[in-house]
Amino acid sequence: MCVAVGQIGNFLAYTAVPTVLVTPLGALGVPFGSILASYLLKEKLNILGKLGCLLSCAGSVVLIIHSPKSESVTTQAELEEKLTNPVFVGYLCIVLLMLLLLIFWIAPAHGPTNIMVYISICSLLGSFTVPSTKGIGLAAQDILHNNPSSQRALCLCLVLLAVLGCSIIVQFRYINKALECFDSSVFGAIYYVVFTTLVLLASAILFREWSNVGLVDFLGMACGFTTVSVGIVLIQVFKEFNFNLGEMNKSNMKTD
């Protein structure tokens, strides 16, 4: 139930807030989940994990401060225009070609031994998932309001739903394959960074959300995203390390 509510909230966020802000902030579930697990489930959270939680929250604040203040695409007509843009069409062709090479040629041979193969497949598919979700929200507005273009909006919505469904199904398949071969913590940390980077790239090409962002805000968002990514890596990758301040103090006392 909680997962369903969270996904609905995520969907609504994509329809109201720039993708460049929503996608990186999705990582906040990791530090909050780790903190709740340490208190409710008595799971151990070492000093690196606590530092990672702090960095994730600090980076998120920086992202919010420097994020775009308005949407660049607010109607279904604008969305259709963006989808037919030659730059975005070219990007889609490149992504589809890379997916075909990865799925049918590279993954069967190198997937079980190279973690980046499965991560690349899931992340490239994710670059369809988030823009499709945002597009469905925009098209749904015209459908619900019974605008003259509601029939076209319905067709667009169905196409985007089909793309979203296929993308999610294939992502689940390769995520499960990756978790069978690699450590879930390492996979989760690397996947977040690569997935978010490609989603932001696809959204920047399609929605042009960066067009109204100045140099200072761009650097601020880059620093915020880097800080969040470092925090996620500290939480996920180093959570099994038996490392705390008490042991550091004991080792310093022995050295003295």
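From the backbone N, Cα and C atoms, a Cβ is placed for every residue, glycine too.
Positions annotated as transmembrane segment by TrEMBL: 12-41 (among others).
The transmembrane segment annotation in TrEMBL covers 47-66 (among others).
Residues or ranges marked as transmembrane segment by TrEMBL: 87-107 (among others).
According to TrEMBL, the transmembrane segment annotation covers 113-132 (among others). The list of residues near the transmembrane segment (113-132) in space but at least 6 beyond its ends in sequence, with Cβ under 8 angstroms from a Cβ of it, reads 14, 19, 23, 95, 98-99, 102-103, 106-107, 160-161, 163-164, 167-168, 170-171, 174-175, 177-178, 181-182, 186-187, 190-191, 194-195, 197-199, 201-203, 206-207.
Annotation comment: TrEMBL describes 153-174 (among others) as transmembrane segment. Within its own chain, the transmembrane segment (153-174) has Cβ neighbours under 8 Å at 76, 79-80, 107, 118, 121-122, 125-126, 128-129, 132-133, 135-136, 139-140, 142-143, 147, counting only residues six or more beyond its boundaries.
According to TrEMBL, the transmembrane segment annotation covers 186-206 (among others).
Annotation comment: TrEMBL describes 218-238 (among others) as transmembrane segment.
The highest tally of CB pairs under 8 A with the transmembrane segment (218-238), across 47-66, 87-107, 186-206, is held by 47-66.
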